[in-house]
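Enquirer: Pulled the feature table from TrEMBL, pasting it below:
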COMPBIAS  327-338  compositional bias 'Basic and acidic residues'
REGION    305-338  region 'Disordered'
SIGNAL    1-18  signal peptide
TRANSMEM  31-49  transmembrane segment
TRANSMEM  79-100  transmembrane segment
TRANSMEM  120-138  transmembrane segment
TRANSMEM  150-167  transmembrane segment
TRANSMEM  179-205  transmembrane segment
TRANSMEM  217-235  transmembrane segment
TRANSMEM  241-260  transmembrane segment
TRANSMEM  281-300  transmembrane segment
TRANSMEM  344-364  transmembrane segment
TRANSMEM  385-409  transmembrane segment
Amino acid sequence: MWAASCLASCCAACACDACRTVVSGISRRSARIAYCGLFALSLMVSWILREVAAPLMEKIPWINHFHQTPNREWFETDAVLRVSLGNFLFFTILAVIMVGVKNQKDPRDSLHHGGWMMKVISWCILVILMFFLPNEIISFYESISKFGSGLFLLVQVVLLLDFVHGWNDKWVGFDEQFWYIALFVVSLVCYVGTFVFSGFLFYWFTPSGQDCGLNTFFIVMTLIFAFLFAIVALHPAVNGSILPASVLSLYCVYLCYSALASEPREYECNGLHKHSKAFSTGTLTLGLITTVLSVVYSAVRAGSSTTLLSPPSSPRAGSGKPLLPLDNKDEEKEEKEKSKPVSYSYSFFHLIFSLASMYSAMLLTGWSTSVGESGKLVDVGWPSVWVRIVTGWATAALFLWSLLAPILFPEREF
């Protein structure tokens, strides 16, 4: 007994030392990766609790205080929402603290990049405390999460437009025949992929013998957007490029596919319903990893975006480096290093994770709905379908606006 106690103490001490070593090894450059890792951990915890926490939560009196115990799916959704709320509060608090950080001399810069042991402990405490809150607060968070998820999807669209236009400008800026050919090849591949993918959508989601007018409408609208992108971009008055139009066309088709694939498995127009029994743990794991990568990419992209996040004083915004007239060269160099403007908005970076926390909760709970077997899958249900479709339409509207706005309002800069 004594030996076992000593062994447990040694293991605990080694685990603590390992955690401290990992946490202390997080440098300034890897801080954003660490935040992404913490966010990915929160999704893993949400997914695990969704599968195993229901029997335990049924025994908690301030959660299960109903005259009739709800079904299992209600507790699964509640567990995910509580973890999401803790994650949301963690990143929102950081976002509020980091408001107004303009240079690395600000003490809050060290807080953003350091103090990881304190952050991990704070995150754990917040998540645990969420399971002591009454159901009314969780229900309110569930309602606002749907609006927050919409904002996150809108940010994703803006980041994509920023990326595509930047990609096009960079290759055109080389002003060489090779890069013009590369532009044409990539555009051609994207358009071929768009129309081939659309053909598969008709095959999968408009089966013969079924009245699938809604699915047909979604696919046809997506193809109309693809043609409209090319016509507007190539119009002489617009002076646009075919590369952004082709990439956005392929992206809109992908959104249409993800929307139709999110239809309930028992829906007769969902050609994937025949394979509903084949969704194994490995498939669900792959779906969750895809979701994590998508959300993490958006946060990292937001942290390096020159359009959304770079404050006016940052190097990306074009300001010069500050010069401090100090006599001691070493002190001057150190002071200059500390006075460097931050390269992105810390506050907005954390805000992206706050919105992503809401979005991931909606994915894991099927947008808090229960449709047949959908509760056992990731991101399935009619709300998810409509969110994807509306996101595709919003993407099309924003892209067309980015092309037409300079013509409609020539006196303004875009």
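Including glycine, each Cβ sits where the backbone N, Cα and C put it.
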Enquirer: Any chance the transmembrane segment (241-260) and the transmembrane segment (120-138) are in contact, meaning at least three CB pairs closer than 8 A with a sequence separation of 6+?
Expert: no
Enquirer: Tally Cβ pairs under 8 Å between the transmembrane segment (150-167) and each listed stretch (31-49, 79-100, 120-138, 179-205, 385-409), then give the stretch with the top tally.
Expert: 385-409
Enquirer: Excluding the flanking five residues on each side, which residues at least 6 beyond the ends of the transmembrane segment (79-100) place their CB within less than 8 Å of a CB in that stretch?
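Expert: Apart from its flanks, the transmembrane segment (79-100) reaches 39, 42, 45-47, 49-50, 53-54, 57, 108, 111-112, 122-123, 126-131, 133, 137-138, 141-142, 145, 345-351, 353-354, 357-358, 360-361, 364-365, 368.
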Enquirer: If you count every Cβ pair below 8 Å, which range out of 120-138, 217-235, 344-364, 385-409 shares the most with the transmembrane segment (31-49)?
Expert: 344-364
